[in-house]
Amino acid sequence: MQKIKINLKQNYRNKNYYFNIFSTIKIIFILVFFAIFIISFLSYNGLDPSFLNTYESDKYHNIIGKAGANLSAFFLTSFGFIPSLAISIYFLTIILYISPKNENKLIVVIKIFFFTVFLLILCLYLSDMILKDITDIEVYDNNQYVIGAGGFIGYYLNTIFKYLLENCNIHIFSKFIIKMCVYIFGLICFFSSINYDLIFFLKKIRNLYKNNNIILDNDIEDTKINKKYVFPSFFSQEKKDLEKEYTNKDLDQNSNSENKLCFKTINNINISDKLYKEEINHYNNDSNDNNKYNLNYKEFQRFSDKNENYNQDNNFFAKKNDEINYIPLPVSLLVISENINTKEIIKEDISKISENLSQVLKDFGIKGLIKDIHTGPVIKLCEFIPAPGIKSSRIISLADDIARSMHSKSARVAIISGKNAIGIELPNEQRQFIHLREMIDHDSYQNTQFKLPLILGKSISGEPILADLAKMPHLLVAGTTGSGKSVAINTMIISLLYKYSPKDCRLILIDPKMLELSVYDGIPHLATPVVTDPKKAIDILSWAIKEMESRYRIMSILGVRNIVGYNDIMSKTNDKKITKIIQTGFDQQTKQPQFSSIDIEVIPLPYIVIIIDEMADLMIIAGKEIETYLQRLAQMARAAGIHIIMATQRPSVDVITGVIKANFPTRISFQVSSKIDSRTIIGDIGAEQLLGMGDMLYMMPGGQIERLHAPFVNDDDIERIVNFLKTQGFPVYVDLNDKSTNYINNTNEN
């Protein structure tokens, strides 16, 4: 039987197994030696025989015995207790985290130099403060040595320092200033030497006991965790020296910003310099290519807690053997400004509004009854039941006259679905501010069962409205400049970032305006750098189609219908491998069917969300080609977990063509300039009467239209979220020039 292997990623289990055993033995050995070192210090006794005294005794008070007595006597008499303890802790972290394999050797030497300077100044300080009354270093009648806070080194340094100060003809206050400067310089050397290594050492120990569960810093509040996220994460302290050395070297200063791949080096990354330089050299070689848009970034992923070899498989979604914790975004990153009023407004006089509106309609010859008035955060909805024989179109055409007569900025009139009433929407005198944080905090978002929840805003009645992008399955957004379109796109992106880790959802951002989405460049959720050139979007969409086809091929082999079924099979498979037997043909001699066994190594597939901020620029440069790609993705990509959010500020028929409208049944219209634009987007008038600043009309897949008010998120909130995500890892970019199949690699075995 012919055997076909379908390998979705390279397997490093055997190599990693022995490597992890070696690392574990090394850590245990270091911890045992550290414990012996500390115990010998704590149990030090000056009466124990050592090489520093002439006592002769077979009994040792030191718990470690003779070795502990000699070890503690040497360090305590040389440096004192506190510096000796600092030496032991510091070099423990040096060995565990900054061995020459894992960090630049020059950095290690510099850190050790700074710590040595700090140690000498510490001995000097302790000797000056505590041993200033001792004049003889050799001790007393029992031949014991002084082991004061600074030890021998501190004593001699203090003697030299005092001698230099006494021979200088300066004021006593100047001597005090010199001392303080020396001590402050010692503190600077201390912080330069540790560089937060001790903090990461404590986190490492905590991680060891918690079995790689999610570890949160004490200063992060309001973080809600309801599942285990897994993604290659890194320590948050940036190593600026290495970043400057590697990223700025040999890079073309005149190249576009999107062609520069920023390799940020994070403190204590367990990765060799050789591997790091290979990645940089690979990018430098690619950047010299004549191709104006070269996104052939070699895939790389890094590990922090254990030394793992990075995956060289073309599949950038491959899950690593060693799971590393991903910390979800805390709600505290969204800050509501004090000068913003988010409280509910005081309800206006409903009866007075009802009387005025009834009188206005009577003046235009419209008879009927105002049944109810619903007051929301931005507008109020008046339900008007017209008298028999009055056409709805007659009332709808009076929208401008009603707004003028009611002294309102605008008025929208539409039929209320499912009721024998016409809705007249009038703006409130005071507008309630809707912030994204209150939407994130709401139970409807925290407990949602949607696959890809998007926060749209609040309804007329003030209820939070969410939408599932997986069911839409694509979204078209349009609106003029200043209508709140870009802010709504940001809220949708943030709602996905708050819900999913990079292994569950990946983003592709296309921003021809070069301003709106570029702030997200560098977050680990990105599958490609933020694209700002319209010509480059063609390569992105072409890759998305290949990715869709690759997913469909593997799903057809497994017999599943969509990405949800595929991931369910993956979660139920313990050994991450499935064997399928399929018929491959017939034997020419026996005429019997031939079968082949297929070993499929399954990996989780994340959702891919493609966000295009300005569609008009793409259609002008490559209209037909872009339209063809979008049509195919919109028609077929839903089951593969690929979805599109497309926005434009020019809702004309040459941008939003009939093909695009047919494949984007879900649409959102913000304020537009004319009724023609409103009909182009949602097929009806009314969008020209919106108030702006997030006021929208949401058209559901069935054609039903609902008025919503989008929440607001400012640039500072976005910047905090982006900076928090960047501390958790690098983006793993796809190889757009890879012509091979992303998932299936067939090798025949007899």
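Positions of Cβ are set from backbone N, Cα and C atoms, glycine also.
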**Q.** Among ranges 147-165, 489-507, whichever one TrEMBL labels transmembrane segment
**A.** 147-165
(Q) Between Thr480, Thr481, Ser483, Ser486, which of the binding-site residues has its C-beta surrounded by the fewest other C-beta atoms within 10 Å? (A) Thr481
Q) Counting only residues 6+ apart in the same chain, whose Cβ is under 8 Å from the Cβ of Gly479 (ATP binding site)? A) Lys485, Ala647, Gln649, Pro651, Ser669, Phe670, Gln671, Val672, Met696
Q: Using the centroid of the Cβ atoms of Gly479, Thr480, Thr481, Gly482, Ser483, Gly484, Lys485, Ser486 as reference, list every other same-chain residue with Cβ within 8 Å of it (recorded ATP site), in sequence order.
A: Gln649, Phe670, Gln671, Gly692
Q. If you skip the near sequence neighbours and keep only those at least six away, which residues in the chain come within under 8 angstroms of Gly484 (ATP binding site), Cβ to Cβ?
A. Phe670, Gln671, Gly692, Met693, Gly694, Asp695, Met696, Ala710
Q: Rank the binding-site residues Gly482, Lys485 by the number of other Cβ atoms within 10 Å of each Cβ and report the first-ranked residue.
A: Lys485
